[in-house]
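Participant: Grabbed the feature section from TrEMBL, which reads as follows:
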TRANSMEM  21-38  transmembrane segment
DOMAIN    135-351  domain 'Pentraxin (PTX)'
DOMAIN    545-727  domain 'GAIN-B'
DOMAIN    736-983  domain 'G-protein coupled receptors family 2 profile 2'
TRANSMEM  738-763  transmembrane segment
TRANSMEM  775-793  transmembrane segment
TRANSMEM  805-829  transmembrane segment
TRANSMEM  841-860  transmembrane segment
TRANSMEM  880-908  transmembrane segment
TRANSMEM  929-954  transmembrane segment
TRANSMEM  960-982  transmembrane segment
Amino acid sequence: MDARSQTAEDHHMAGSTYVKMSSLLFGVILANAVIMGMCEPTQSWSDRAERGPLDVPDSTILLQNDAVYQLVNTSFSFEQAMHYCRGQSSSLTTSGVKEDEEGAQKLLLKSNLKSPIWFGTNKSLNPTTHLPEQKTEFPGLSFKSKDGYARVNATFPSLSAVSVCVRVQWDPRHKNVSTVFSYAATVFINEFQLRGKIDESKRKQADRKVRLALLIQGQHHAYKAELPIDEDWHHVCVTWHSSNGFWAIYVDGNKGDSGHGQAREKANDLYGGGIFILGQDQDTFGGTFTEPFVGNLTDLNIWDEALELKQVEALNTCSQLVTNHKAIFRWQARSLTVHHSVQNVSATINCPGSLKTPQRQEEECEVFDGWSAGQPQYSTSDCTHTFPFICRSSKEHYLKMKELRESLRSSPSPFMQRLMQYGMTADEVFSDTVDGQSWTSLSHLLNVSEQVVLKEQKQLEDRDMASLMHVLSRAADLPSMANHSRRDAERLGQSFVTIADSLISQDDSSKWHSIKEVVKGPMAVIQAVDRMLINLNPLLTDDTDSVQIHSHNIKLQVQQKLLSERSHISAFCGFDVGNRDCISVQAENMKELHNNDFRKVTVLNTWYSSVNCLSEREENITLSPIVSDGSQRYLGTVLGSSVISSTVLADGRPISMAIHFTLQHRIQNSSMKLIPVCAFWDFDLMFEGGGWSTKGCTVISTQNNLTSCYCNHTTNFALLLQIYEVQRSFEHETGLQILSLIGSGVSLCGLLFTLILFVAVGVPKSDRITVHKNLIVALTVAQLLLIFSDWAVENQEACWLVTALLHLFFLSSFCWMLVEGLLLWSKVVSVNISEERRMKLYYVLGWGLPVVIVTVTLAATLDQYKAQQYCWLNLQSNVIWAFAGPVLFVLAVNAVVLFRVVMVTVASARRRAKMLTPSSDSKLHALDLTWAATRPVLILLPVLGLTWLCGVLVHLSDVVAYLFITLNAFQGLYIFLVYAVYNSEVRNAIRRIQDKRKALSFTNCSQPISFLPSQKSPSASWVHSLPTLSSPESSESSTPMSASTANPLIFKNERFKEDNIVSFPLKPANRSQVVQLTAFKPSGKDLRLT
């Protein structure tokens, strides 16, 4: 024993003389306990009378504003002190916490104790070991340009074997074949290369991999080895040996591909004096670079030997390679010639590390020595030494326990009365004794409580639940003693599980709420079961490799195995019908433990068929709902399965590792949609005792009311079911999707035809037509993007672009709808703004405002802008209001405009009706007014966007959903019919074109010379005039008509059909003027009048 330990023991001996004693007998008993603690420090539990913390003298209790400190003036080892406090639902005072240090000093002065006491730290004594991961920093190179490369400045001899290892981050945006490195010699260019390409056969982004292939001495092997595409660095090693032509590709320490190549005849070694290039393929020696690599590289090392698997695994863990060969190139040397486009980056590598069993050392724990010069003084001592200690609990817990104990004393519950019949008292139930000699008494208390629980069919009172939880908490930290057998541990465990089963089966949530100060809900029972199982594990597996304990709703199993290369632990399943609830540890994890020199593994599994009250409580569920479209409404999230847990001990050390589990849905309702979420209970998530978390857990598959999950740690797992009310059936949902797709296609065609007509037929320019054109352009692009948005989901960058463009053009569409409303308002209500200034304002509002909104939204919410599963705005954040807000404003303004237009139209129709229709015909008046009100609504609804108001009512009925899809998906068709087909301006423009073509056709057939205007027929109009040269005779005539006597007169009478053309050719005569009239009819016959 060292000097400091000896001093600590001296302090311990001296400290006992300063304790105030109520009687000489108590002093003798206490001294005897101290002496026993010195002789057997590992079993120095208190031998005092069984008295609860609420009955101890005031000198050992200190009440503060928020906490209560209890001095345990009996020497325990540090681990025993921790167990004692935890058994009392309290904690050991902690160093560095000012309140604990001040409270401990006050309590020590109050009790006149000068002995050092144990103090805990923020670090636990036996923390759970995770499969290790350490971070290492490397300088790296980033290749972003097609010209980027790095040349290794090293001399290469002839190589009969070679190994090249490098860490890679692959850029998923680069689709072409990439060359990670290439080695070329003057004699042969394609000596040694590593190439890769992304496997495009996987549609889902998460499933895509990079396929790697080696090119050795001109022989190109298949792209087979898989490299994950993610944000992590991945270790890639390639090896080759000329003696047998064996080559291999290793990814993250695992063999990805291997084979035997065919070496060249009479030249098996790689030629020396070559050039090694990173990031490019050499088509000529040291030049003509092709097939560039895009991504990041670091930690390149080259050896003139073929590394073995264990050496590659060591490199993957960032360990130093043990080899007799000297490396040709090491990354630390950084002897590289780097192209100017290649950038330097810092690479943070998450190395898997090593899990070697550490050599056991004597652990030292912290001891509080009091205050000196206004500062707390600490020292350290061997954790197996014994000192007094102080437990800290909340004031609410202390007062509630006092209230419950006094209540059971004065007015025992039926359950307590039954216990009293077996000789138990309330003091024994609330006792805080957990020493070695209490095993028998505590085991007896558990056994009696079990019998009463099984016989009592009535529900427990809340104070009974608190008292039983106190008993379980004490038993959970009962240490395993060598003088007890496995059967003793099994009997105690059976009683423990039966009582725990009765507690988690209590279905009155108000009872749990009333004792929340002392019991943090049903999961506190599950936590106690886990602690009991870990403590009793050495006894339970003393002479067997597997033990099972179960009750009606709980099944518990302990499996123990010696580790070997082929070790595996069989899956643990509950005893429900079909054993569908199962959990398992992967064989790869067992192999990894064996590779890290662990000898024995113990897996502790528990299964809870149901945990009442917990499944009905949502206050501990902080998950956001998976927001969907209007076809379903979110109702809530509940616990929807059994609870299953797993704890792994490697050589007695808790190890956290990846777990697979499958659970059956306990809630089945055909009228509801259930979305499962894999979750675990995090005891540190909330102050109230924890909450459900999904960190590190993902859903693997869901089918037939079963969900399989993967979690990267061990703890208590369950399925949370998010419940949605299905608003419509699958058939209706499919029908709406098909209708939406068809409508979008038809709408797109209608918009394109309308735009073509506006441009092609020469509709007279006006501000109204210009606004129509801009609205049609915005809607056309938006519909086109919407149709093809599903194809962009697989590519994140493309999906981001489509989302931003959809946001922009749909927002622009609504802004131009607002412009339509403002323009209509200016026609109804006189606005003194010039047309030129007005159009500038309209362009700013229609295109400029959407650009500003989208830009600001992208800059402010870049990480939350896009939804995860589709190319649209994130509905789970406030980003959606960057679209919904402007849309609601536009609809509100346009609704006011439409109302004003209808009022003006109705008033005008009423005035006209009074003037033209007899006052007695009231029915005709009503019809005219109804049509006057309906006509502008039908015409203006699609342009003003008011059909989108139906979207608010979609969830009410399938009919409304079909109406909404029809009105909006076919919006383009509606615009085509109203503003193109039945638009008088468009029809007149088309008629003018047709008239010109027909007139040109007829005049070309009759070869007219000129036209004369007609003053007599007001209904006639000139069609065409083609002047011709006058005949010689006409030049000699002196009559007024001599200049045009060779010209026919052609008239179009609009009272005839459009193709009835009347021609009056005027021909000169020698002596008298003769007029010949020819009328062309559709029949082809002509009538001449001379």
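The backbone N, Cα and C atoms fix where each Cβ goes, and this holds for glycine too.
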Participant: Let me spell it out: take the transmembrane segment (775-793), skip the flanking residues so only those 6+ beyond its ends count, and list any with a Cβ under 8 Å from a Cβ in it.
Facilitator: 741, 744-745, 747-748, 751-752, 754-755, 758, 799, 801-802, 805-806, 809-810, 812-813, 816-817, 819-820, 846, 869-872, 943, 971-972, 975
Participant: Could you check if the transmembrane segment (880-908) is in contact with the transmembrane segment (805-829), meaning 3+ Cβ pairs under 8 Å among residue pairs at least 6 apart in sequence?
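Facilitator: Per Cβ check, the transmembrane segment (880-908) touches the transmembrane segment (805-829).
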Participant: Contact between the transmembrane segment (738-763) and the transmembrane segment (960-982) is defined here as three or more C-beta pairs under 8 Å separated by at least 6 residues; is that satisfied?
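Facilitator: Contact between the transmembrane segment (960-982) and the transmembrane segment (738-763): present.
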Participant: Near the transmembrane segment (805-829), which residues from the same chain, at least 6 beyond its ends, have a CB less than 8 A from one of its CBs?
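Facilitator: Distant Cβ neighbours of the transmembrane segment (805-829) are 767-768, 771-772, 774-775, 778-779, 781-782, 785-786, 789, 838, 842, 845-847, 849-851, 853-854, 857, 871-873, 882-883, 886-887, 890, 893-894, 897-898, 900-901, 904, 940, 943-945.
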Participant: Quick test of the contact rule: Cβ under 8 Å, at least six residues beyond the ends. What residues does that give for the transmembrane segment (841-860)?
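Facilitator: For the transmembrane segment (841-860), the nonlocal Cβ contacts are 767, 771, 774-775, 778, 804, 807-809, 811-812, 815-816, 818-819, 822-823, 833, 879, 882, 886.
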